[in-house]
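The structure under discussion appears below in the form of structure tokens.
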Amino acid sequence: MFETCAHRLLLLWGWPRRLVTFVAGALSALALAPVHAGPVLFLTLPVLVVLIDGAVVAGPRGVRRLRPAAATGWWFGFGYFFAGLHWVGLAFLAEGRSALVPLMPFAVAGLAAGLALFTALGTLIARLLWSDGPTRIFALAIGLGVSEWLRGHVLTGFPWNLLGQAVAFTDVTAQGASVVGIYGLTLAGIAVFAAPALLADARDHRPWPRRLTLALALLIAAADVGWGFYRLSGAAPVGEAVMADARIRIVQPNIDQAAKWSPEKKQEALDKLTSLSDRRTGPETLGAISFSEIVWPETALPFFLTEEPEALARIADLLSPGTILLTGAPRVEPADDLGDGGRRYYNSLFAIDDTGAIRAAYDKVHLVPFGEYMPFGALVRRLGIGELFRGIGGFSPGPRRNLIAIPGHPSFSVLICYEAIFPGEVLPESGRPDYLVNITNDGWFGRSSGPHQHLDAARMRAIEEGLPVVRAANTGISAIVDAYGRTVASLPLGEEGVLDGFVPSERPKTFFQHGQPTFLLAFNIFFILLALFGKRKRRTGS
């Protein structure tokens, strides 16, 4: 059966081939949050292997021989990103940007098409290492693994929905990220998920290479599962290992994005936030006085907090001695280099005490292109289309990620919005925090899969670093995640409410944190050697 299906795929050409490749990529997106159907890749990646087999057979000599494989990767990536990121278009409906609504389908397709260039590069690299033997699954793993790493680093990087997220469809299989990180899981996962393609080689007159390769793929999968069980076996039950002196309340105001920045709504927003913060939810919860930390979402206060002393006074009235409020708000400062009266704006988090004093602040370092700043802004203005993108951007990046340590409270590092999707970039250089605070506003994307994927990325950072994550989201999903990536508690998407609990305990430094580049580099070298060894063996006929 496998041989018959593979043969039919090999014979596909033209638009039927492109359609099958696109559909395989789109189905692969089911492996991502919120569906988490990771095993679907046991179907779609073998299809990709066979389609690349066909591209290799059909390819001419010279540089042109690489084009069919690259085209195959592009169509697969186009399907994957179109299905996985379709929700991005909903941002055009937010804040009443009617001028941009007609661009919505083109923007989604354009984003998917652009990101698919990385997948095309991945299959092109794989083609260079390709053979008709079983080790071609490692060639694919190297190619797509490298392209996924590049996607996370080229220009500003966009490591959203990395293929390694599919491996983390259970808490057990996700623990491998504590050793090799999400990029290592991507590499291993592609090899394992692609392995069923070798079942179509059953008539190969040299069965031992195929059997050994299948055994190695099975060993990689077993190592990941075994490590996951081992790591979780030493963990306390979910929610039991906590910092007893860090009782927190996360506020999810669920403020509509279209009204969020309306000047007449700013008082209403502050009223809602303070009311929720002081809500009594039971006999042991007497409002804000019961907590050591209260966390509000990204830009929860839609005004410049440092220019609103009345707002700081209200916050002081809300808090009791020893309680700290962490809130997102824009920050402004004079900028002499921008001319007379110039000002620079930041997307920030403020830590405020019971006197209304700002004890610490953090300015977002990794800004969202086309959201918080306009790439090639000068060129856009010269082309005369600046008015079309008016209101987009305007923020400046902060200088560095900093450790916030307030006496009497656990130290923390801040991740604002999509800063949580960047592996290995969440810790400050000044020291290791006790936990991570992720504040975000995913109201742009409604009740789509986007907020689920965003939370899933934050979960991976918890596993990689061995640190709990406290997450406050305007419209959801707010959550407390422990150092093993397990969700202790959460608030549903699109609901107003509060989430009370204790900050989970941190873990010692993970293998990932100790030797982040080393383990990943060793993994890559091992896979490259396997692919080259298989290619050499097929050439010599041994």
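Count begins at 1; order follows the chain as displayed.
Cβ coordinates come from backbone N, Cα and C, glycine included.
Heads up, TrEMBL stuff is auto-annotated, nobody curated it.
Keep in mind that this is a model prediction, so the values were computed, not measured.
What TrEMBL annotates here:
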type	residues	note
TRANSMEM	47-63	transmembrane segment
TRANSMEM	75-94	transmembrane segment
TRANSMEM	106-130	transmembrane segment
TRANSMEM	137-160	transmembrane segment
TRANSMEM	180-200	transmembrane segment
TRANSMEM	212-230	transmembrane segment
DOMAIN	251-505	domain 'CN hydrolase'
TRANSMEM	517-534	transmembrane segment
| remark: Ranked by Cβ pairs within a distance under 8 Å of the transmembrane segment (180-200), the first of 75-94, 106-130, 137-160, 212-230 is 137-160
| Which whole number is the mean pLDDT over the domain 'CN hydrolase' (251-505)? | 87
| message | Which residues of the chain, 6 or more past the ends of the transmembrane segment (137-160), have a CB below 8 A from one of its CBs? | response | 45, 48-49, 52, 73, 85, 115, 118-119, 121-127, 129-131, 182-183, 186-188, 190-191, 194-195, 197-198, 213, 217, 366-367, 369, 375, 418, 421-423, 453, 457, 524, 527-528, 530-531, 534-535
